[in-house]
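I have placed the structure first, in the form of structure tokens, so that the comments after it can refer back to it.
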Amino acid sequence: MASNERDAISWYQKKIGAYDQQIWEKSIEQTQIKGFKNKPKKMGHIKPDLIDVDLIRGSTFAKAKPEIPWTSLTRKGLVRVVFFPLFSSWWIQVTSLRIFVWLLLLYLMQVTAIVLYLMMPIVSVSEVLGPLCLMLLMGTVHCQIVSTQITRPSGNNGNRRRRKLRKTVNGDGTRDNGNNSPDKIRAVETLDSAPSVGGFWGTLFGNRIKRVKLVSNKGTETDNDSGCFHPIIKKRQGRPEIRMWQAREKAKVSDGEKCRREAYRRLGNGVSDDLSSEEDGEARTQMILLRRSVEGASSDNGCEVKNRKSILSRHLNSQVKKTATRWCHIVRDSDSLAESEFESAAFSQGSRSGMSGGSRSLNLSRRDSESTRHDSETEDMLWDDLLHGPECRSSVTSDSEGAHVNTLHSGTKRDPKEDVFQQNHLFWLQNSSPASERVSAIIWEGNECKKMDMSVLEISGIIMSRVNAYEQGVGYQMLGNAVTIGLALFPFLYRLFREKSFDQLKSISAEEVLTLFCGAPPVTPVVILSIINFFERLCLTWIFFFMMCVAERTYKQRFLFAKLFSHITSARKARKYEIPHFRLKKVENIKIWLSLRSYLKRRGPQRSVDVVVSSVFLLTLSIAFICCAQVLQGHKTFLNDAYNWEFLIWETALLLFLLRLASLGSETNKKYSNVSILLTEQINLYLKMEKKPNKKEQLTLVNNVLKLSTKLLKELDTPFRLYGLTMNPLIYNITRVVILSAVSGVISDLLGFNIRLWKIKS
């Protein structure tokens, strides 16, 4: 419906625009319609020694970003928390098994508490709803943190692609090999992972990894066979089988190129026509992409494939047999109701006949997500990126016997052009041109001063090692633990000091303490409910402030990065902190300095920590708005309710953490935007001009570049803000008006005269 409306709008826009056109505009449109296909073109390349403005901003060193809007992520997070056991595999994947068991216990306790409260609504409702709100909040935040592994569903495009694949794929179902071997390899059955899986693959894929074995017609499992390759991927729990049959050998030809392409075509030809379900369509997609990628490994995609020896037609079957034994499928299965997909499939082919090709290892990987059942578009773009990327331009000889398996994560759609630009920046970053990418830096070994040519990565590595060796404080961890214990015991302490005086506390009995702890007569259901509420508040509040401590530690590390970076051009401080030192006396040094600045600003957790900080910022504003509304309702009775006291404790603790983060962020911004460093280097250049008049022209050039760098940093740098990820301008302005209006009402009610803070520019 929306697409039809857009088409109608475009049609009417062109219709009314035609009445405004003159002859010159019509001629230009005709020229644009012809396009640039007939224009002469010649090869070009990007110069990696030049820099872009993205390098100064830091966007060159891009971080992973979610493809799904934050509104959808919020909805997914709420659903995954409410139906927590149904998404067990997803939670295990993004956390761990032990943490999942702990969270599942908290979830069951929360459900039990809600049921007991509905049966006996005696205790305060805030004691039950508080942990529930914390659980929903942190589940949503965690879903946004791991959202880079969730891909956008392709929707109708994916359905159309599957229908197109069903029309284009054909399979015979009965294909014989050249030797007519009676023991044909019939199926590939996915089994549970064995502990013998290598540590590298265990680290790369995380959780359960499927092991693949070849099953013959007789029911025995084999690893190698000389027969034709008939793999069927069987999924557990009644999932449909996916059959891939080898194509029948066609007419033999003497041309080596045709034989090689025929051998590639035989490996991936045909998928059974009876695959009609949704998962079968997905399997068809993977098989066709694999086949197209294998065929594209020739000269069509830019990868050189050299035929050193003429391949005779009588050797074709033996080549196919050798290649068939080099298949390796690694399938990762998720038991979630919303997640059932392939995680990765990898293919590598090599031969002893002398064929060599660039990028023989072809990879396919899919991350777990509830929406990737319809997402064949992602794999398509991944393969195009893989086959047409710059890494396909090398030519190597593959003579290995075993299979080489390489896995490429494909969680997000990436533009190949963007990858080319990023890799060109990484070329000089990774020492591709030592003459222009290294700087002569001074390092201290004891009391000795030595020079060394260092790159950006080497200098940043030393800085990061110094930051990692820094002993972090535990003050805010202790603050979080104290607030956690106080909030967990707050209902009991509130009833205790409200109903008992200090003299009565000396002679209080255990039964009275239990009654105050439960808030009602200590019957069994009430005692169970009170104990559950205590542990829920204790655990969930501790998790919340633990995340806040992680954010504080990250901001502290960012500040240390900026602090050490600002000391690079200072000889005394560089020696004190044992980091490299160099002056901005050359244009190349200025380039390295700017690159190092952008690189360090992008190191460490970025978006994930910003999610936590933004969520805490919004929570603080929400609590402030609720408190203002309660004060406006009746400021004399505001402190009579326990939940208002609890709101004040939360607001105080959150403000302390936010003030800490704001101060660290502001200091970090000042260190990176310290123009005094560039001004000092300009003074040093003038001092050199006085001592070396023969180099005045060269030093003047460097001085001009420093002036331009100063202006550029002032132009690009923005003031630090805590809100960033979820606080777009619309939400920010609405929140500012609402909160400041509420605060204005409170102040006006307390002071007796009207004041409007929202009209004051912030």
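Yeah, the Cβs are placed from backbone N, Cα and C, and that goes for glycine too.
Feature list (source: Swiss-Prot):
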TRANSMEM  77-97  transmembrane segment
TRANSMEM  99-119  transmembrane segment
TRANSMEM  121-141  transmembrane segment
REGION    152-184  region 'Disordered'
CARBOHYD  ASN179  N-linked glycosylation site
CARBOHYD  ASN224  N-linked glycosylation site
MOD_RES   SER272  phosphoserine
MOD_RES   SER276  phosphoserine
MOD_RES   SER277  phosphoserine
MOD_RES   SER334  phosphoserine
MOD_RES   SER336  phosphoserine
REGION    345-415  region 'Disordered'
COMPBIAS  348-364  compositional bias 'Low complexity'
CARBOHYD  ASN363  N-linked glycosylation site
COMPBIAS  365-376  compositional bias 'Basic and acidic residues'
CARBOHYD  ASN431  N-linked glycosylation site
TRANSMEM  473-493  transmembrane segment
TRANSMEM  515-535  transmembrane segment
TRANSMEM  611-631  transmembrane segment
TRANSMEM  645-665  transmembrane segment
CARBOHYD  ASN674  N-linked glycosylation site
CARBOHYD  ASN733  N-linked glycosylation site
TRANSMEM  737-757  transmembrane segment
May I ask whether the transmembrane segment (121-141) has at least three C-beta pairs under 8 Å with the transmembrane segment (611-631), counting pairs 6 or more apart in sequence?
yes
When you check the transmembrane segment (515-535) against the transmembrane segment (121-141), do you get at least 3 Cβ pairs under 8 Å, counting only pairs 6 or more apart in sequence?
yes
Under an 8 Å Cβ to Cβ limit, what residues of the same chain, 6 or more beyond the ends of the transmembrane segment (99-119), are close to it?
84-85, 88, 91-92, 125, 128, 131-132, 135, 525, 528-529, 532-533, 535-536, 539-540
